[in-house]
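**Student:** Before we start, here is the structure in question, set down as structure tokens.
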Amino acid sequence: MFDTLDAIAETVRNIPDMDHDAAAKAAERQAQLTKPAGSLGRLEDLAVWLAGWQGTPRPRLERIVTLVFAGNHGVVSKGVSAFPSNVTSQMVANFEHGGAAINQLCRVAGSELKVMALNLDEPASDFTQGPSLSEEAFLKAVNIGFEAVPADADLVCIGEMGIGNTTAAAGVAYGLFEGAAEDWAGRGTGVDDEGLRRKVQVLNAGYDTNSALLHSSLGALRAFGGRELAAMFGAALACRVKGVALLVDGYVATAAVAPLFAMNGKGLDHAVFAHRSAEQAHQRLVARFGQTPLLDLGMRLGEGSGAVVATLLIKAAVETHNGMATFAEAGVSERESQS
Ligand SMILES: Cc1cc2ncn([C@H]3O[C@H](COP(=O)(O)O)[C@@H](O)[C@H]3O)c2cc1C
Ligand SMILES: O=C(O)c1cccnc1
């Protein structure tokens, strides 16, 4: 439970590293399995990554937990989304009745789904007028996200629902990494050219209004992000503190966790970016972290959908890592030395 922004910053400065011994043992095992070295490509990296964060050379994938945080955004009144704000609570009801994309994907993946609606009747403030959240509301949302992560999860996926939040995400990215507002704005649910121009305008206005907050990464998140982005940040930090590997969904989730990287260059080492969202700025943002998303399916939904699809790859990585025989076990001849 964080009482102050300083307490969050202090935790991020001192976040734990992975268990390098477990990762080295997992890599050693990969080298002994019945395949040419490296032939399972990124699946091998994923098994080693999971081993390091789980602290065991034989990673597990029994408990996958998908956390979807929902929030509303005052800036929607400026015409930045193709849909009205009441779709947020309507979609939360849809999640509860099992009718959304994320419900089907969690079933396929065998993932638990936990949906947390955060004060939907009390939208984050229009960031062109001041910060999206008071310090108190920001801390509350971060703590909700932090508490939502079960320490015994083998893998956590984070996602969101919040009409207007591709604008919030663009604001966070702009606040953290500068560039031009145009670099960070995209079409979200499908705004037309006029809508995209309005997004750029509100981002520039929000940047000016909140400039005093933007010297700090947490300030940028509080200025633009609203509750569900603050909660995803809290959940990502909790994963790190609790030793849980993290799969990040698309543009909105990536922007929410970006302050971890801005505050500590190793802050996202426990995270894998599940897919490259079709939201145009996503690639630019992930490239900042030196990471390459796993999938590129042209998805741009949110809800954690891309992250949950990518759990199927992690399953493939874990099953091959744990289930394959070694050369010695199978009596398969090893590579001949090349002279
Ligand atoms: C029916 C529906 C279901 C969704 N599920 C996720 N989103 C996605 O779209 C929203 C962000 O886009 P924008 O910034 O343009 O409003 C978020 O709620 C995000 O999760 C949805 C959007 C809609 C309309
Ligand atoms: O990539 C995302 O997170 C995204 C893209 C469009 C709409 N909602 C979310």
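Glycine is no exception: its Cβ is also placed from the backbone N, Cα and C atoms.
All TrEMBL annotations are machine predictions without curation.
If you look up TrEMBL, you'll see Glu303 marked as active site, proton acceptor.
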**Student:** Same chain only, sequence gap of 6 or more: which residues have a CB within under 8 Å of the CB of the residue listed as 'active site, proton acceptor'?
**Tutor:** Val68, Met91, Phe95, Ala100, Ala101, Ile102, Gly159, Glu160, Met161, Asp249
**Student:** Helix, strand or coil: which one is Glu303 (active site, proton acceptor) in, per DSSP?
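**Tutor:** Assignment for Glu303 (active site, proton acceptor) reads coil.
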